[in-house]
Every structure is written in C-alpha cells, then in structure tokens.
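**Q** Here it is, the structure in full.
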Amino acid sequence: MEQFRGTTILSVRRNGKVVIGGDGQVSMGSTIMKANARKVRRLYNGKVIAGFAGGTADAFTLFERFESKLEKHSGNLTRAAVELAKDWRTDRILRRLEALLTVADSKASLIITGLGDVIEPEQSLMAIGSGGSFAQAAAKALLENTKLSARKIVEKALTIAADICIYTNQNFTIEELDSES
C-alpha cells in the first residue's frame, strides 16, 4: 500500500514567542487526499505545541504517547522527548512508525525521530517534512534580515514552501506560545 506523505512543519522562536505552523495537505502518491489536515496541535493543557510530518495515523499514535510522557514527567519537555525517543527506537511496534515530531514549550524546541534522536535546533529555527528545507531557508533569511514577528515569519516561510513543494499547500495551522527565550 502506498504511504501518505509530504508536508511542511516550521517552528520559529523570536521576541518572547515560539510558533509552530504546518500545512494541511495529505498526499497519497500523486493524489491529494485531504487539503485541511491539522498537523499542528496543542498538548499538555496548552503548554506544549507539536507538529508532525509523516504518516498521519503514525503521528497520532506518537502524539498520544508523547502526551502521556509529558504527564508522567510533569511537563518536562526534554525528559518526555527523550523517553518517547527511547520507546520509539526500542518498541517493536513503535519502531515501525514513520513520522517526525517537532515539539516546543516556553523553554525549548526539539525534533524527535524514530531513530532515537532528540535534536535541539540552532538559531531558534526548525523545519521538517518535504517542504522543510524550503521553509527553513526562507525563515532563516527573514530572521536575519527583518524584524517580523515569529508568527509572520512562519506564515511567510510556509507560503514560500507551498509555492515550491508539491506536497505542501497554503491551508496553514499555526499555534503560538509565550517563550522565555
């Protein structure tokens, strides 16, 4: 069976805000199956925002697992991410899941992979998915050359990615939190 694929998720931290945004397109092969999927969500009573790229069902399973890790570790984002990554890598069922997660709270931003990696990005910027490199390049240029807010940077960079990547559309979901950095 052909895999659902493609998306763009982007996170930017700037001026006391952290923002994660993503597009809404779900593709299967060369067919758009859905244009308004919600790939960015609030977790842990709204204190954490998360986005996913990869298989939709896989991502929902990982969101549930991650939220239970947040509950278990009293909202400690890094600890919950490391515990999820360990489970994801070692559990026979979980390790078959194909997705990447971006997660952020007021203090940290992380990418979690099925290989057991928990990556803290440089320069307050992270992007995943088929259009991630386009969005990241656009956001980096906007961060370095404008005074735009984190939200505006995410909106503009996702728009640029959607203009380039065939697996990304302009139906965005954007979530924002106050940040300590």
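Using N, Cα and C of the backbone, Cβ positions are placed for all residues, glycine too.
As annotated in Swiss-Prot:
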ACT_SITE  T7  active site
BINDING   A162, C165, T168  Na(+) binding site
**Q** Using Cβ atoms only, which residues of the same chain lie under 8 Å from T168 (Na(+) binding site) while being at least 6 residues apart in sequence?
**A** G6, T7, T8, D23, Q25, G129, S130, G131, L158, A161, A162
**Q** Enumerate the residues of the same chain, A162, C165, T168 excluded, that satisfy the criterion Cβ within 8 A of the mean position of the Cβ atoms of the recorded Na(+) site; list them in sequence order.
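**A** Once A162, C165, T168 are set aside, the remaining close residues are T8, D23, Q25, S130, G131, F134, A135, L158, A161, D163, I164, I166, Y167, N169, Q170.
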**Q** Return the count of C-beta atoms lying within 10 angstroms of the C-beta of C165 (Na(+) binding site), excluding that atom itself.
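**A** Excluding its own Cβ, C165 (Na(+) binding site) sees 21 Cβ atoms within 10 Å.
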**Q** So, in DSSP terms, is T168 (Na(+) binding site) helix, strand, or coil?
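**A** Going by the DSSP assignment, T168 (Na(+) binding site) belongs to neither helix nor strand, so it counts as coil.
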**Q** Starting from each candidate's C-beta and looking 10 angstroms out, tell me which of the recorded positions T7, A162 has the most other C-beta atoms.
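**A** When each Cβ's neighbours within 10 Å are tallied, T7 tops the list.
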